[in-house]
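Asker: Here TrEMBL flags A:25-182 as domain 'Cytochrome c assembly protein'. Marked as transmembrane segment by TrEMBL: A:20-42, A:62-82, A:94-113, A:125-144, A:156-175, A:195-220.
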Amino acid sequence: MALIDLANPTRFLSFARPAIPIAGVIAAGLLAVGIYLAFFVAPEDYQQGATVRILYIHVPSAWLGMACYVVMTLSALGTLVWKHPLADVSQKAAAPIGAAFTLLCLVTGALWGRPMWGTYWVWDARLTSTLVLLLIYLGLIALWRTVEDPGRAGRAAAVLTLVGAVNIPIIKFSVDWWNTLHQPTSVIRLGGPTIHSSILTPLLIMAVGATLMFVALHLAAMRNEILRRRVRTLRILAAQRGATA
Amino acid sequence: MTALIALVVRDLRLAVRVGGGAFVGVLFFLAVVVVMPFAIGPDLNLLRRIGPAILWVGALLASLLALDRLFAQDQEDGTLDLLLTARTPLELVAAAKGLAHWIATGLPLVLAAPVLSLLLNLEPLAIGAVVLTLLVGTPALTFIGLVGAALAVTLRRGGLLVAVLILPLSIPILIFGISASNAAVTGGLPFGAPFTILCALSLGSLVLGPIAAGAAIRAGLD
């Protein structure tokens, strides 16, 4: 099934009906296995002790915080360039999920930073750019709520999403460009990961589980948004009928 | 081309003659700089060290404050509809309006900066650095703000929201503007690298700002 086949909201709903529980169940299974491995099987770090286990929540939420913005950027292109009818639905549905993952990443990072670096917060390049990402998410959510007409709000938010996309490469490469407190890239890098497989395997399982959780949440939020718009249209029609009668 | 020049001239005339837009911005800049020593304390050595940062934050806030009327006024009196139906591409119209807005509100801030830096006890070299970075950096603030101003047309009473939306995007300009001027104040660190990045940010926003603003206006008005 191509992406264009889902342009019809009804067809999308019939696709989402089985897809949401399937993705959700697989996500729950993977996360359960991942959490078991992370907390009971994976070894403690010889320097950081048990606090290293925060990694298994922190890193997937950081990845998804950014991935969610990438999804929104593609949706924004879909809204402005291809006028895909569900693109702005996808964009609106993704913003709160991305904000939640980014917040989770910042909070777990702060909790991890306290014992490791001796402080909850430093004005390090990666931390700061992630905070900016959260601000952009919150601004976009506020923009969605300010404009009443969903189509118009979608196009305005799409423009802002594309402008804000500049921040994503800044976050990704911040640890390479500015050599500050946050550790450099260790999983996705040239020459393979620098993490031992006993830690890497549960991390990847958690990452895949969290991604599927994102897929399930995103599809469910999109379904809610489509239904909400239908209710809105019905209400407007009813009001118009009431006005003419 | 003549249409664009006419537009720039018209906007400049309006800025000078109606409500003294440029002077209000400079006045606000002055107010921010004056408030800082009250908040931080009148220690002249401390003020000299953080002076460039104060000036940059003041300029950023003043240029944000001036933004929301950029397109809103034209929309209220119907000029924007005429501009939309004209043959000139909307992106160029946005660029011309951004240019006029920078001359009317950004340039006065740059010119006021040397006077205000005397209040903050800056040395001549530091004054030169701050003025130079503001001269290069304020166009970037204006042209990124252009996107916000265009979104303000879409929003009813979105003035505060526009500032919230635009502020995160202007952080890189602030970072490189201040690090370049700090390099001139403290010495040691190179001035050229952050200054060049600041120039690049300005040039990039000069291209991207009008395109995004044009898209935002089209999205908001149909």
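Glycine is no exception: its Cβ is also placed from the backbone N, Cα and C atoms.
How buried are the listed features, and what sits near them?
Answerer: Packing against the transmembrane segment (A:94-113) from elsewhere in the chain are residues 51, 54-55, 57-58, 61-62, 64-65, 68-69, 71-72, 75, 119-122, 127, 130-131, 133-134, 137-138, 140-141, 144, 157, 210, 214, 217-218, 221: each is 6 or more residues past its ends and has a CB under 8 Å from a CB in it.
Sequence-distant contacts of the transmembrane segment (A:125-144) (same chain, at least 6 residues past either end, Cβ-Cβ under 8 Å): 62, 65-66, 69, 72, 92, 95-96, 98-99, 102-103, 105-106, 109, 153, 156-157, 160-161, 164, 167-168, 170-171, 174-175, 177-178, 180, 182.
Below 8 angstroms of C-beta separation, residues 66, 69-70, 72-73, 75-77, 79-80, 87-88, 91-92, 95, 125-126, 129-130, 132-133, 136, 139-140, 143-144, 147, 182-185 of the same chain, each at least six residues beyond the ends of the transmembrane segment (A:156-175), sit close to that stretch.
Away from its own ends, the transmembrane segment (A:195-220) comes close to residues 16, 19-21, 23-24, 26-31, 33-35, 37-38, 41-43, 52, 55-57, 59-61, 63-64, 67-68, 71, 90, 93-94, 97, 101, 186-187 of its chain (Cβ-Cβ under 8 Å, at least six residues beyond either end).
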